[in-house]
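S.K.: Per TrEMBL, the feature domain 'TRAP C4-dicarboxylate transport system permease DctM subunit' maps to 2-450. What TrEMBL lists as transmembrane segment is 14-32, 74-94, 187-209, 306-324, 336-361, 367-385, 392-419, 425-446, 458-480, 492-520.
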Amino acid sequence: MLAVLLTLEAARRVIGWFLPLLALITVLYYYFGYDLIDGGWRPPRVSARTAVETFYSSTTGMFGYLADVGARVITIYVLLGALLLSTGATDVFMKMATWIAGRTFGGPAKVCALSSAMFGTVTGSAVANVMATGSITIPTMKRLRYPPAFAGAVEAVASSAGQLTPPVMGAGAFIMAEFLNIPYTQIAVAAVGPAFLYYLAIWLGVDLYARRAGLQPTPKNEMPKPADFLAPDKAIPLFLPIATVVYFLFQGYTPSFAGAASIIVLILACAAVRPFGRATRGQGLKACWTGLARDVYEGMVEAGRALVMIAALLACAAIVVKVLTATGAGVKISNLLFSVSDQGLIVALLLAAVLSIVLGMDVPTTASYVLAAAVAAPSLVRLGLPELTAHLFVFYYAILSAITPPVCASVYAAAALAGANFWKVAGRALSLAGAVYVVPFLFVFRPGILAQGGTGQVILDVGVASAAVFAVSVGFSGYLRGTLSFIGRGLFLAAAALLFYAAPMADIIGGLALTGLIAWRFLRGERKTLSSG
């Protein structure tokens with residue numbers, strides 16, 4: 001029992017109070033609940049020996065499958081991400097994103113979104129993403145007189161999708177593969193559509209706000225050249241390891257093997273190309289390899305720090321999940337959610353979304369997903385959703401907890417970097433991310449978004465969903481070739497609602513309505529509102 005208490009204290013020190021307190025409550029419920037509670041929620045009687053064996057000695061407690069996934073898989077990918085960043089990936093991503101989007105409307109904000117998307121392909125931590133890219137993008141936006149709250153909001157919202165972005169998704173995705181007993185690649189492929197729609201929503205939100213506010217693009221003299229990020233010493237150590245991961249995963253090798261092979265390729269590639277890089281040419285092999293050794297050491301230190309937090313949260317989450325399964329409380333909560341299905345699937349989905357977000361308050365996404373998967377996902381499966389769809393649904397909303405007030409870690413980090421009021425950043429983040437919150441409902445009703453069905457179904461569902469995201473973005477931003485009134489916003493949102501259901505007539509009516517609204521806006525011109533006559 002001392003080991004359990006020490007685990008809770010370790011978790012409190014690295015991730016805060018919420019999850020350790022929840023774990024402590026479940027332990028007390030498991031051990032004392034029989035004597036204190038009557039009725040259906042009364043747990044079975046257990047002895048002190050049984051409790052200790054349950055949490056500490058059994059293969060389903062703190063050292064069960066969550067610890068196993070953490071040791072075998074998550075450790076390797078955390079190390080891979082840290083090594084990529086310590087060897088220069090951040091600089092390559094930033095320059096590539098600036099070259100692509102810097103000269104567009106609101107260029108620096110789009111650079112922020114695009115670089116965060118690229119960064120998210122190699123790391124699964126929202127806060128790490130904020131700190132790595134935000135330390136560059138936020139000062140740039142502020143220097144060009146972008147509102148600090150807007151700068152922080154863009155960074156927070158964009159960075160939170162890193163755990164949803166293949167090929168290296170967040171730790172929760174690897175745990176999901178263990179939950180569902182399916183290959184990780186199946187989850188990664190299914191996540192491509194939701195990740196695309198997430199970043200599309202951010203891009204549209206930024207673009208509409210930038211046009212409305214007249215935000216400046218990146219100055220021409222600050223634009224990078226392709227050689228700045230495509231030079232062999234820059235590109236090879238980044239893209240070759242990522243390609244290695246993708247190749248081995250899709251060849252059927254385990255995620256552990258693919259990640260380990262990628263780490264080896266990364267170090268060998270850096271050792272091979274650094275002596276020929278512009279910054280290191282002429283320094284000699286010894287100096288180049290000494291610098292590489294220093295970068296590898298720094299990456300390992302950062303990975304170690306991240307793994308301390310991950311180990312603590314996985315142990316805490318394992319305690320909670322074990323109590324939920326051993327006492328039957330998880331089944332009871334699932335039955336409670338299932339009972340509301342009499343009010344319709346939408347109501348059950350809304351409750352599951354809220355539960356996933358609440359469980360993610362003040363805890364990392366991995367832990368909130370594990371808890372939501374234990375109590376919310378089973379009820380959605382009983383309502384007829386495929387297991388992968390149900391788990392991606394709760395995983396998606398667990399990710400959104402990082403930007404949903406009142407407790408949102410990504411927003412806190414971005415607000416600190418921007419020097420802005422937390423609540424202003426949170427409010428702007430919700431405005432920018434309005435369309436993001438509807439994406440899970442879209443892939444529930446349009447399975448083609450998750451790459452389920454034929455090619456035609458995938459193209460149709462992603463295309464219609466993109467149109468719905470556009471309509472929601474316009475409705476939330478209140479701008480398209482001029483400011484929209486409340487009636488105008490409502491019409492765009494109504495058109496989006498028609499596009500949610502995978503019904504031919506709804507698609508036709510919604511598509512025609514959206515096309516008509518867009519044509520109206522462009523014919524009316526920049527200075528008119530939709531309801532002005």
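Glycine is no exception: its Cβ is also placed from the backbone N, Cα and C atoms.
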S.K.: Cβ pairs under 8 Å only, please: of the recorded stretches 14-32, 187-209, 336-361, 492-520, which one is richest in them relative to the transmembrane segment (306-324)?
M.R.: 14-32
S.K.: Given a Cβ distance threshold of under 8 angstroms, which distant residues of the chain, six or more beyond its ends, lie next to the transmembrane segment (336-361)?
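M.R.: Distal contacts: 18, 367-369, 371-372, 375-377, 379-380, 382-383, 393-395, 397-402, 404, 406-407, 440-441, 444.
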S.K.: Looking at 14-32, 187-209, 392-419, 425-446, which one has the highest count of Cβ pairs under 8 angstroms to the transmembrane segment (458-480)?
M.R.: 187-209
